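According to Swiss-Prot, the features are:
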BINDING   HIS118  chlorophyll a ChlzD1 binding site
BINDING   TYR126  pheophytin a binding site
BINDING   ASP170, GLU189, HIS332, GLU333, ASP342, ALA344  [CaMn4O5] cluster binding site
BINDING   HIS198  chlorophyll a PD1 binding site
BINDING   HIS215, HIS272  Fe cation binding site
BINDING   HIS215, SER264, PHE265  quinone binding site
MOD_RES   THR2  N-acetylthreonine
MOD_RES   THR2  phosphothreonine
SITE      TYR161  site 'Tyrosine radical intermediate'
SITE      HIS190  site 'Stabilizes free radical intermediate'
TRANSMEM  29-46  transmembrane segment
TRANSMEM  118-133  transmembrane segment
TRANSMEM  142-156  transmembrane segment
TRANSMEM  197-218  transmembrane segment
TRANSMEM  274-288  transmembrane segment
Amino acid sequence: MTAILAKNEASSLWARFCEWITSTENRLYIGWFGVIMIPTLLTATSVFIIAFIAAPPVDIDGIREPVSGSLLYGNNIISGAVVPTSNAIGLHFYPIWEAASLDEWLYNGGPYQLIVCHFFLGICCYMGREWELSYRLGMRPWIAVAYSAPVAAATAVFIIYPIGQGSFSDGMPLGISGTFNFMIVFQAEHNILMHPFHMLGVAGVFGGSLFSAMHGSLVTSSLIRETTENESANEGYKFGQEEETYNIVAAHGYFGRLIFQYASFNNSRSLHFFLAAWPVVGIWFTALGISTMAFNLNGFNFNQSVVDSQGRVLNTWADIINRANLGMEVMHERNAHNFPLDLASVEAPSVNA
């Protein structure tokens, strides 16, 4: 009898725990994805803060020339970063217990891999948690679908690109100037500005900003007056009210006359779907572009200059881009190799002639 009561009590405790985890009445929804998300994101955030402040220099290129990234080693908020794991480690899984000592782990940039792996798990679980909460509330799943765009982008620069290039040292540094350095080197090595998927991503981001500003300004300009001149227009809206707070017909008429009739949406649902889908699809394409360039399927190149009938080069914008790319590549890892790969791969002339 005692065993049965103990079993029922344990079962009841587990049932209460499950109910609490999946309850939509909590101030913050946890969910089963949250059980993984919370510790992974807390770990990534804690290690990032500690490493950004106090991590020792990292031998990023694997040539015994450490690069400092933390505040205590001479950097500021702009120049500071968590430096990627050493090229000497490559793609090997490098937890603390794989290193001979903590000093070796820090010297080889172990914190970067720890942060990136936990961050990746955390944001994936955050996306799953969005879907889980939507499911339990009876909502459609598009919030998680929209969030998949930044998840795909982060996965591309932190996971797929290092895999394609053969080393976590090629991942994006975790800092402001490190991000810009990553972008410049990416352009030098892959000519990303001439990749169609990057162009679609630019159209998605800037187009999304434009459409968001247009929508917000149209709605704000066509609010239904509910207040006096001495009150804020925001006081005219009560949370949960059934009435429309703006006149979509007026906004539609204004924009249709400003551009042309069919440039304006007359359906609020299709309008908001478009506002969500445009930047999401653009960022999906950018992430796909990064993922293909990770394996050196690069942007268009025009390495063969345009020449006239006499063989003289006719300088074009492509020549300027090529020179800029070579210049950026020369500055990158200047102590690891003497020339950019484009120049080093040229066959040397014979000296026996």
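The chain as shown is numbered from 1 upward.
Placement of Cβ uses the backbone N, Cα and C atoms for every residue, glycine included.
Structure coloured by features recorded in Swiss-Prot.
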residue: HIS118; record: chlorophyll a ChlzD1 binding site; Cβ contacts under 8 Å, 6 or more apart: THR40, LEU41, THR43, ALA44, VAL47
residue: TYR126; record: pheophytin a binding site; Cβ contacts under 8 Å, 6 or more apart: PHE33, MET37, LEU41, TYR147
residue: HIS190; record: site 'Stabilizes free radical intermediate'; Cβ contacts under 8 Å, 6 or more apart: MET293, ASN296, ASN298, GLY299
residue: HIS198; record: chlorophyll a PD1 binding site; Cβ contacts under 8 Å, 6 or more apart: ILE192, THR286, GLY289, GLY299
residue: SER264; record: quinone binding site; Cβ contacts under 8 Å, 6 or more apart: ALA251, HIS252, GLY253, PHE255, GLY256
residue: PHE265; record: quinone binding site; Cβ contacts under 8 Å, 6 or more apart: HIS252, LEU271, PHE274
residue: HIS272; record: Fe cation binding site; Cβ contacts under 8 Å, 6 or more apart: none
residue: GLU333; record: [CaMn4O5] cluster binding site; Cβ contacts under 8 Å, 6 or more apart: ASP61
Remote residues contacting the transmembrane segment (29-46) - C-beta distance under 8 A, at least 6 residues beyond either end: 20-23, 114-116, 118-119, 121-123, 125-126, 128-129, 132-133, 136
Ranking 118-133, 142-156, 197-218 by the number of C-beta pairs under 8 Å to the transmembrane segment (274-288), which range is first? 197-218
Rounding to whole Å, the Cα atoms of HIS215 (Fe cation binding site) and ASP170 ([CaMn4O5] cluster binding site) are apart by 40
Using a Cβ-Cβ cut-off under 8 angstroms and a sequence gap of six or more, which residues of the chain neighbour ASP170 ([CaMn4O5] cluster binding site)? PRO84, TYR161, PRO162
Which sequence-distant residues neighbour the transmembrane segment (142-156)? Criterion: at least 6 residues beyond either end, Cβ under 8 Å. 119-120, 123-124, 126-128, 130-131, 134, 276, 279-280, 283-284, 286-288, 290-291, 294
Could you tally the C-beta atoms, other than its own, that fall within 10 angstroms of the C-beta of HIS332 ([CaMn4O5] cluster binding site)? 15
How far apart, in Å, are the two Cα atoms that lie farthest from each other among HIS215, SER264, PHE265, the residues recorded as binding quinone? 10
Near the quinone site, what residues other than HIS215, SER264, PHE265 in the same chain have a C-beta no further than 8 Å from the centroid of the listed C-beta atoms? MET214, LEU218, ALA251, HIS252, PHE255, LEU271
Have a look around TYR161 (site 'Tyrosine radical intermediate') and count the other CB atoms within 10 A of its CB, chains all included. 22
Ranked by how many other Cβ atoms lie within 10 Å of their Cβ, the binding-site residues GLU189, HIS215 are led by GLU189
Based on DSSP, name the secondary structure state of PHE265 (quinone binding site): helix, strand or coil. coil
